[in-house]
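Chemist: What follows is a structure written as structure tokens; I'll ask about it next.
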């Protein structure tokens with residue numbers, strides 16, 4: 001027997017549905033994601049910390065869940081909102097239904113609401129703070145008050161909260177269909193040593209670096225640059241992550257010090273924003289952000305249009321780029337900046353997700369550019 005649930009927005013909007021996860025209450029910034037697949041990757045992406053994710057595709061959970069599709073060791077999304085949860089999950093890789101997965105991970109979630117109406121509200125009014133209440137004891141007034149009490153992501157440093165607490169080495173590559181596994185590659189077969197700052201890194205990023213010959217040392221977000229440079233890395237990677245980049249002063253300071261060397265730097269998502277801040281640019285909070293796997297981005301040098309995976313609520317303000325920073329990618333949805341490079345350093349970054357997971361691989365060659373930069377320095 002299903003239990004009731006409600007979603008309340010800070011503007012007073014109420015959506016009634018049914019609970020499909022854990023009982024209880026959760027608050028966060030409500031965003032919408034237009035990806036048709038990849039719900040498990042989305043839920044386990046640390047970039048979604050403190051966000052309640054609305055999936056616009058109407059049928060979510062058709063293929064169940066499997067440990068191999070997780071992008072981290074836990075669910076980071078604050079909550080989940082969907083239109084319909086299928087009664088049966090059917091896929092040869094399925095290990096657990098989405099509903100059971102949500103309960104097992106203590107995720108408060110709601111189904112059976114008009115996600116089209118919700119998406120229109122978020123599109124027109126911008127991302128809003130919200131509250132999901134699920135179970136027998138729910139109150140519209142209390143839910144609205146909880147939504148309005150959430151401080152919002154502006155000014156919130158979440159990178160240090162989701163980051164690893166300990167340094168570790170990563171040598172697992174991308175999925176191998178023949179062995180049905182993520183093979184671990186011997187260090188002797190990995191010619192490049194990359195130190196990756198973990199601001200909320202997705203494991204598929206690490207796998208794609210290993211696939212291209214990198215032995216990756218993953219360090220906590222607050223690691224000083226001196227410790228990173230002591231590894232004598234061939235390159236430094238700045239990962240994706242949640243929250244507002246501007247409060248991450250420890251990261252900006254460290255990146256500035258790395259940029260004083262000749263070590264190549266590559267940033268993705270939050271790492272892109274932090275690189276821009278370290279170079280002297282500014283960032284801004286977006287209205288409803290970019291969340292999906294079908295976003296067109298143009299390479300400004302070649303004119304080529306790529307379909308990309310996106311997940312960010314902040315953006316680099318192109319008008320604030322200093323003279324030594326050049327725009328190299330732009331969104332064709334709203335013209336916001338998607339990529340930069342430093343003209344006097346071997347450093348570049350991309351706002352979207354070249355590793356996809358979920359999404360297309362049109363931008364994966366940026367990993368190859370990073371490899372080329374490290375090879376040229378040798």
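Note: Cβ is positioned from N, Cα and C throughout, glycine not excepted.
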Chemist: Among 13, 47, which residue does Swiss-Prot name as a further L-glutamine binder in the site formed by 241, 243, 270, 273, 311, 313, 314?
Modeler: 47
Chemist: Given the active-site residues 269, 353, 355, which one's Cα is the least distant from that of residue 314 (L-glutamine binding site)?
Modeler: 269
Chemist: A 10 Å Cβ contact count, applied to the binding-site residues 241, 243: which residue has the minimum?
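Modeler: Per-residue Cβ counts within 10 Å for the binding-site residues 241, 243 bottom out at 243.
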Chemist: Do you know the mean pLDDT across the domain 'Glutamine amidotransferase type-1' (193-378)?
Modeler: 98
Chemist: Looking at the active-site residues 269, 353, 355, whose Cα is closest in space to that of residue 313 (L-glutamine binding site)?
Modeler: 269
Chemist: How far apart, in angstrom, are the most distant Cα atoms among the L-glutamine-binding residues 47, 241, 243, 270, 273, 311, 313, 314?
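Modeler: Value for the max Cα separation, rounded to a whole number: 13 Å.
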